């Protein structure tokens with residue numbers, strides 16, 4: 001009961017005994033710069049994620065002659081590290097805010113922009129490494145850092161528009177899906193001869209997209225509830241029996 005009350009109050013529900021249909025200010029949502037900053041972070045972060053998720057085993061096979069079975073096992077290591085780092089990132093984010101060391105927007109930008117920038121560095125560094133072990137280690141670090149980014153921009157919807165967070169998440173996730181479609185298509189278009197140079201191009205593109213996401217989020221993201229999200233948007237409230 002206490003937790004339910006806290007959630008309802010946080011989301012702006014007036015009374016726990018009512019159900020209210022919420023209307024969404026679509027035009028204001030779609031013209032909100034902080035919303036598109038989150039969308040950009042989603043798209044750019046998951047471009048690199050999907051590139052590695054779908055292409056890493058093939059990359060290891062083409063460039064380092066890994067057997068596919070072995071490459072599949074090795075390429076799963078970054079995601080294991082990422083799962084562990086989610087626990088660290090979430091706890092650290094909450095601690096920095098609750099201790100008043102950093103504000104909400106400072107934590108969001110530090111974690112997101114820092115992670116995206118370092119991931120771009122890891123992706124670029126992987127191009128110059130000459131051993132499979134070095135490349136995998138570099139990418140393990142990069143995907144581990146992804147946890148810090150997702151733990152920040154992934155909850156930023158609740159910061160700027162708690163009552164409309166579900167809609168914002170849906171919009172963001174739609175663009176995330178686009179990155180999952182376009183990234184493998186680009187790789188297939190670039191990597192035709194399976195040469196290291198072609199794979200390097202794929203990595204450079206991912207690094208650039210990471211940096212674009214860091215810049216856009218760093219400039220335009222917000223940690224404050226937007227004015228359009230504070231307007232009265234409830235209709236047809238009815239008592240729950």
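Using the three backbone atoms N, Cα and C, a Cβ is placed for every residue, glycine included.
Matching 2-23, 134-155 against TrEMBL, the residues noted as transmembrane segment span 134-155. Nonlocal intrachain contacts for the transmembrane segment (70-89), taken as residues 6+ away from its ends with a CB within less than 8 angstroms of a stretch CB, comprise 52-53, 56-58, 60-61, 111, 132, 136, 139-148, 150-152. Contact between the transmembrane segment (167-190) and the transmembrane segment (110-128) is absent: fewer than three CB pairs lie under 8 Å, with pairs separated by 6 or more positions in sequence. Counting residues 6+ beyond its ends, the transmembrane segment (134-155) has Cβ neighbours under 8 Å at 38, 41-42, 45, 48-49, 52, 56, 60, 64, 74-75, 77-79, 81-86, 88-90, 93, 107-112, 114-116, 118-119, 122-123, 125-126, 217, 221 in the same chain. Sequence-remote contacts of a segment are chain residues at least 6 beyond its ends whose Cβ falls under 8 Å from one of its Cβ atoms, and for the transmembrane segment (202-220) they are 33-34, 36-38, 40-41, 43-45, 47-48, 51, 55, 59, 109, 112-113, 116-117, 119-121, 123-124, 126-127, 153, 183, 186-187, 190-191.
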